[in-house]
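**Student:** From TrEMBL, here are the annotated features:
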| type | residues | note |
| --- | --- | --- |
| DOMAIN | 33-227 | domain 'Alanine racemase N-terminal' |
| MOD_RES | 44 | N6-(pyridoxal phosphate)lysine |
Ligand SMILES: *Cc1c(COP(=O)(O)O)cnc(C)c1O
């Protein structure tokens, strides 16, 4: 017998339960309501047969990092399971803004004026309003997407004023080799002074820390679906 494909074995309702329990504990420690944190189950690279059990276990919010991949698997899943919501957490090319606005309920990677223009055009054309997050490159890593912290205030102001975009919050991905806490704190500080209520931060390794620093959206992949 060949090994079963990863997609059958990796995700399990018990992994989702363990993540849920850790979120509950982090909320309790931070004296926050569980309802103030949205768990985004990041299903990138996993096929529909791995996602189905997680939906069956009650998860309703999912994240993908590529438009093409999401287009291939989510329309059918969403048709079969009304009430799901889908978040784009990866970089977005301006020429895919049309597809992204059509498919996603939230976009976490707004990070340049040309993308703002493309999103504004599609939001108006489709009359769909995905929740928008500006990505902050808190570590100022050259290879990473996002706005430098020093340019964040001006960029958020431009999103609002120049493009008429309603920005819901900020997103960050701390450098892999650094403690995440200071990056979460910086993101929270920039959000607070710009009147932004939502913070998309925290992944499998650090979502409890992110909740401590105010995360409203945690993006958890491997802790739910297994290794990619
Ligand atoms: C893949 C990914 C995640 C989830 O990462 P895990 O470590 O598997 O939890 C979160 N955010 C972004 C932007 C990602 O690309």
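Numbers run from 1 along the shown chain.
The backbone N, Cα and C atoms fix where each Cβ goes, glycine too.
Because TrEMBL annotations are produced automatically, they should be read as predictions rather than curated entries.
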**Student:** Look up residue 44 (N6-(pyridoxal phosphate)lysine) in the DSSP assignment and reduce it to helix, strand or coil.
**Tutor:** coil
**Student:** Looking only at Cβ atoms, how many others are within 10 Å of the one on the residue listed as 'N6-(pyridoxal phosphate)lysine'?
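**Tutor:** Excluding its own Cβ, the number within 10 Å is 16.
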